[in-house]
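Working notes, structure below.
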Amino acid sequence: WFTVEPQDVLAVRGNSALLNCSAHSDAATPARVEWKKDGTFMSLVSDERRHILPDGSLFFTHVVHSKHNKPDEGTYQCVATIDNLGSISSRTARLAVAGRSLVSIAATFASQPSPATVRLGDSQVMACEVNADLVPFARWEKDRQPLEPSGRLLQLPSGALVISNASEADAGLYRCLVENVGSSKASDEAQLQTTPETGEDRKPEFLVQPVPVAKVAGSSVLLPCVATGYPAPHIRWMLGDKPLEERYERHGHFESNSSLIVLTPRSHLFSTVPPQFVKRPANIYAHESMDIVFECEVSGSPAPTVKWVKNGDAVIPSDYFKIIHNLQVLGLVKSDEGFYQCLAENSAGNIQSSAQLIILDHGTPLTNTSPGPTPSAPRDVVASLVSTRFIKLTWRPPAEPHGDDLTYSVFYSQEGTSRERVVNTSRPGEMQVTIQNLMPDTKYRFRVVAHNSNGQGESSTALKVATQAEVQVPGPAPNLQAVSYTPTSVALSWDKPLTGNGEILTYKLYYTDKSGGNEQDVDIDGQSYTMTGLKKNTEYSFRVVANNKHGPGVSTEDVTVRTLSDVPSAPPQNLTLEVQNSKSIMLRWQPPPLSGQNGEITGYKIRYRKGPRRSETAETTGGTQLFKLIDGLERGTEYSFRVSAVTVNGTGPATEWTTAETFESDLDESRVPDQPSSLHVRPLVNSIVVSWTPPENQDIVVRGYTIGYGIGSPHAQTIKVDYKQRYYTIENLDPSSHYVITLKAFNNLGEGIPVYESAITRPQSVPDPTPMMPPVGVQASVLSHDTIKVTWADNSLPKNQKITDNRYYTVRWKTNIPANTKVKMANTTSLNHMVTGLKPNTLYEFSVMVTKGRRTSTWSMTAQGTTFETIPSSSPKDVTVVSKENKPRTIIVNWQPPSEANGKITGYIIYYSTDVNAEVHDWVIEPVVGNRLTHQIQELTLDTTYYFKIQARNSKGMGPMSEAVHFRTPKSEFQPRDPDRGGTDGEPLLLTDSRSGCFQHVSAHSPSQLITIAVGAFIIIVVVVGAFLCTRRTTSHQKKKRAASKSSNGSHKYKGNSKDLKPPDLWIHHERLELKPMDKSPEPNPVMTETPIPRTSQDITPADSGLESNPHLQQRRNSYRGQPPTTAPPPRRRRPATPATCRRTAPPTRTPTPTRSRASPCPPSPPPDTRRTSRPPCPARRCWLRPVGAPHTHTHTHTHTHTHTQTCCVHFTDRGTSRAGPPTHPHVVKTASIGTLGRTRTPMVVNVPNAPDVPETSKMLEDVDSSYEPDELTEEMAHLEGLMKDLNAITTAP
């Protein structure tokens, strides 16, 4: 605001001049002052004559003025600007230059003094009229000496000199001088002579008469009136028709109470009053879309003109800026923020007053509201009625109102504009509103917001509605009149619209109960209607809309009428009786409910009777008096009372009879009252609320209470209150002061014993300062998975954004996941802040506010940032393993995602093993896609404990493994077995070698069984040879692929389909019995078999049917090569195939043993199935084949010690399925070559594939026929003979 504003200045050419101006600002940066001349900003950068002083004043070193160059003369105005806030302009001031050159006497003086003669005691006027701008520079000389004005010598505004009551000393030479800028011009000299009075009568004659003049109120005015005559005339002034007896000043011959008036010249004095503010505009805090009004009321004469300025620029009236003295801004937008000034001007002067408009964020309440939830968005906003110039909206309450008595605001804007208007509902709970004064055939956008005690809630979804075109619908119905003839009806009439645009079909009459009711409507065929069933003495508004075939037309303006009053329809409420003494009873009541008053209550009628008598006595009260003391009653008598309300229409119903009995005797007043039983005080800032209870002894009369209070002493002030009063508020106290309070009850005998209490008033709260501007341009830059840098700018700082004061910034951030995350904050004194410790892959919202001293800003707009991903920091949780129903070899692993995934999970890896302490690379791996939380693992070994771990991965890498979860597969595939049961007669025991993973069958069966097994072995050999012949013709390219697949076998044992991998076949050389990978035929599905090769008859052992029942042996059977016997090999998923034969050959031993070892299928074969033949997989898929005779020590403890030679686990193809395709996985088999007895060879590793699912016999024959010539077949049969010899040697060995 301005502390000093410029005033009009009359400057002298060549002299200096000063226009004062100074502005004050509460902002951190001082206001910048600029100047306007004749409405245009002045450029003073290179001006040497004019410059702005530090306080903002404009200084002229010397004023330039000439006839053709007047650069300094004009209207000036200073403008104070605060960056980012706005500008204000001062009042205007005129700089006039009295610098006219005194070229000649004629150009300077309009008239000059002339010689004259004056009688002694008479008056004389010496003429000297100068130009108006030179009057201040005119003066008189007598005999070339300055003439000092006195009571007799007066210089008139025109420059003339009046000499009153002339004396001989007044004779001399007079001249008038005008001095300006060191030069002066003098008029002609005139001789004044004096003569004595002759005594002859002379008629009064006016030498100078008053002329019309205009002066500013409060200033002095001189109305000249000089008369001559003899005797000396007496002059009296009249104001209008009344004599002016006071407040005038005599000059010489001016006399009051004149006895002779011969001339009465008239003069008009025009008093001009400069503008003055009756009501100044005030600062306004508002939200966008609101309508606000800057009030500005001024007075002055003549009536001032008012104009409005925003930030130094004139406000141009428009649809959203309306000026009628006050300035109304409709539908606020952010750009409306700034300083607004009301400028008032008339011929006497001009004034200005400024106010600031601050637009707050929607989250900032306009008033102090209690913290708490705000309503959700209103539901189902619909346009229930659409016309050309109005739209009626209805809606349902929010799903979450968080309170009662909701109010609503409807925001609407025309399509294509950002400026919203707002209309509020008239009362709580109303859920409809009619938007008037819309444009026809125009699209509008509407949204509704609910308010509760905590503030404004969420906005509904925007509803777009277009008004109807007006060209074809009727105009408004003129001359709408509404008259109430009864308390419940209103008669309405109207005329036909002037522009009906066709035949008027119907009229729709809308009416609303102004006391609280929704707008209702009724269809009418004619041009008049009587509305009945209305409420009595209630104000209603009516409007009419005409309808033609195109729809509803333009609505009329609302007409308001109140129905007539009637007698009250309800009795007064809450009638109470209070017995005062033995002869009086006090009645108190409340008015009837508003709906039952039916008019203005003019009084109350009280009827009462004694006992059961029917005769009644009546009393009346005024309309606002709600109590009545009934006295003159009898002692100890019961009285009944009832009260009824009265209007101008009559008396309404009365209350029920209420009884009370007067006392038998009056209370004791022969002693003073006792001490009040309690005294409580509640201090406020400038007051203390005192409450108390009466003395415990109710038999003593209490006439009232005396309250004393003061700072340090209770005797400074004393207040007396009525005896019925129980509380009192002591006002006009000092804040933060210690007051002592006393309370005493009194009656006519005196005051009782006091009770004391003390209290300290609360400190004075300093009004909240104006808020600072919130930071802008908030940005969140993500730096890592747990760090985001927040930067912003502060518009209240200089352009270089350098902080030089003690302000600081508060950064707050939160995430909506989970929803109840608390807001975190941090303070900083710079324009950026590094937020650390965030959660990876999480969206955060940031906002900033600035604090300087007690001033704070609102929160800035939010910025968002999502932290980068990082590897999971926790393992999958809730890992469970269950067996699949009816499939004991299949388990289902279930889990839940990690609680700290730190990104999108792209996959899981399941590790499982039979040894929980095994190295990680020895565990079997099952990959699973990231959207799966369950996985099946098939073909596990029965009665085996497996350990499972799960590891999650995202785009950044692998997370930690879960804790191992163990699971033991069932013991039997078909029937349960006793876990303690071992091998019995006829049931072979299967022993597992810890290094090779092959099985040893030890049995006590007869030699005949050995022969049977030998025959079976022979058949197997034949099958192996056939397989060898089928796979001999393979290309060199397939050999390379097999070599590549062999070399690609890593440390981890991945399971899965290898559809693109063509497995190598098994070639058994007839001389060395060595397993080699051979070229395959081009056939896509070759038949492969895996065949054990016995070397001696001692190695053949009967099948051990009790293998599955012995857990220890089962563990041995399933162990890895080189691992302890308790560990089982990683299971492999494969298709069902024929039973695998795992054999172990024992060399001859010198120790005689009662039993022989025989070769047998590893697991017991299931019963035959006519539909399909299936077999359990061979548990040991990796083994070593050692040459016969190689020493091998068995680690299993048994009653008999045997030395065995290992053979390979070989599988037959599945004959029970016809589905063809590549094998699931190329199994790795480590084997040793087998030569003649006593020869050893270095072991070699061979890849053994699963057999393809094709019929074995037919495929084998087909391959033989297509691949071999007769000579080759003869050669192979010779090789087979050699194998048979070896077989005989085995079977005949002792």
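Yeah, the Cβs are placed from backbone N, Cα and C, and that goes for glycine too.
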Identify the region 'Disordered' range according to TrEMBL, selecting from 185-205, 962-982.
185-205
Treating G and I as helix alongside H, and B as strand alongside E, what does DSSP give for the domain 'Fibronectin type-III' (377-470) in helix, strand and coil?
0 helix, 49 strand, 45 coil
Excluding the flanking five residues on each side, which residues at least 6 beyond the ends of the region 'Disordered' (185-205) place their CB within less than 8 Å of a CB in that stretch?
102, 105, 108-109, 112-122, 124, 126, 128, 141, 163, 166-168, 170-178, 227-231, 233, 260, 262-263
Give me the stretch from 1-94, 275-358, 377-470, 571-665, 672-765 with the greatest number of Cβ pairs under 8 Å to the domain 'Fibronectin type-III' (774-870).
1-94
Average pLDDT across the domain 'Fibronectin type-III' (476-566), rounded to a whole number:
90
Composition by DSSP (helix, strand, coil) of residues within the region 'Disordered' (185-205):
0 helix, 12 strand, 9 coil
